[in-house]
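Notes for the one structure printed next.
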């Protein structure tokens with residue numbers, strides 16, 4: 001009995017530091033394994049097409065050619081002197097500015113209304129998400145019917161109110177077409193912005209707001225001094241998401257106006273489509289697409305940096 005106890009191997013205690021290191025290593029391996037499917041999808045769906053477009057942008061490659069011809073930066077030099085491409089950049093900037101600002105203001109206002117206690121608030125919140133649930137092309141056709149020159153709802157309302165003397169061909173004028181695509185995108189995006197703002201308002205310190213109202217602060221003062229500072233992180237996030245989404249917009253504009261009239265609503269995505277599938281100039285379209293992606297890098301990097309800081 002004594003010999004058995006003497007010959008038993010000595011078990012050394014494992015240090016807590018070694019346990020923690022092993023746990024962290026295991027967590028890292030698990031995290032990498034969980035990320036692999038997402039990385040694979042990213043590589044196939046995003047990275048490979050971008051690298052392919054980057055390569056094609058260095059070639060002259062049209063439908064009449066049997067093989068692409070290497071021209072280096074020739075397509076980019078053509079872009080620098082192309083009035084159509086510069087117009088697309090300008091139209092994109094105008095579209096992104098008005099849609100982002102309009103959605104921000106209306107989304108915040110609607111969130112403030114839905115944050116107030118009233119009967120039926122939950123039902124109204126649910127219905128407010130409807131534009132976001134509908135397919136974007138369906139929304140485009142709805143707004144196309146609203147702006148229709150012959151039987152559109154907008155003309156009927158304005159004629160009834162006496163604000164116009166005859167029906168307006170909204171989608172046939174540059175200003176009317178831009179107004180239509182901007183309003184359509186704002187209507188589509190309000191529910192997303194509203195949801196972000198509503199989530200942020202749930203953590204607002206109501207005692208501070210009530211104290212400010214007791215001190216005589218009005219609605220504007222409460223919004224300026226309490227609500228907006230509290231929502232500042234949310235404001236930054238929704239602006240960045242809005243800019244990125246609006247820079248990528250294609251389907252609603254294409255379904256509503258096709259980029260017309262006279263290129264008044266031809267944003268960069270529509271310009272890439274026109275060059276690739278109407279002019280059949282794949283190399284030039286790829287070069288425009290590369291610059292289009294470059295416009296997304298700054299807001300995307302800013303957004304990812306915010307996510308890392310938040311984590």
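Using the three backbone atoms N, Cα and C, a Cβ is placed for every residue, glycine included.
Here the structure is a predicted model, which means the values were calculated and not measured.
Feature annotations, courtesy of TrEMBL:
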type     : residues : note
DOMAIN   : 89-303   : domain 'ABC transmembrane type-1'
TRANSMEM : 30-51    : transmembrane segment
TRANSMEM : 88-114   : transmembrane segment
TRANSMEM : 126-146  : transmembrane segment
TRANSMEM : 177-199  : transmembrane segment
TRANSMEM : 234-256  : transmembrane segment
TRANSMEM : 282-304  : transmembrane segment
Leading stretch by Cβ pairs under 8 Å, where the reference is the transmembrane segment (88-114) and the options are 30-51, 126-146, 177-199, 234-256, 282-304:
177-199
Residues of the parent chain within Cβ reach of the transmembrane segment (126-146), under 8 Å, 6 or more residues beyond its termini:
110, 114, 152-154, 171, 180, 183-184, 187-192, 194-195, 251-253, 255-256
Same-chain residues at least 6 beyond the ends of the transmembrane segment (177-199) whose Cβ lies under 8 Å from its Cβ atoms:
91, 94-95, 98-99, 102-104, 106-108, 110-112, 114-115, 125, 128-132, 134, 136, 139-140, 143-144, 147, 170-171, 231, 234, 237-238, 241-242, 245-246, 249, 252-253, 256-257, 260-261, 264-265
Using a Cβ cut-off of under 8 Å, list the residues of the same chain at least 6 residues beyond the transmembrane segment (282-304) that approach it.
50, 53-54, 56-63, 68, 71, 75-76, 78-79, 85, 88, 92, 237, 240-241, 243-244, 247-248, 268-269, 271-273, 275-276
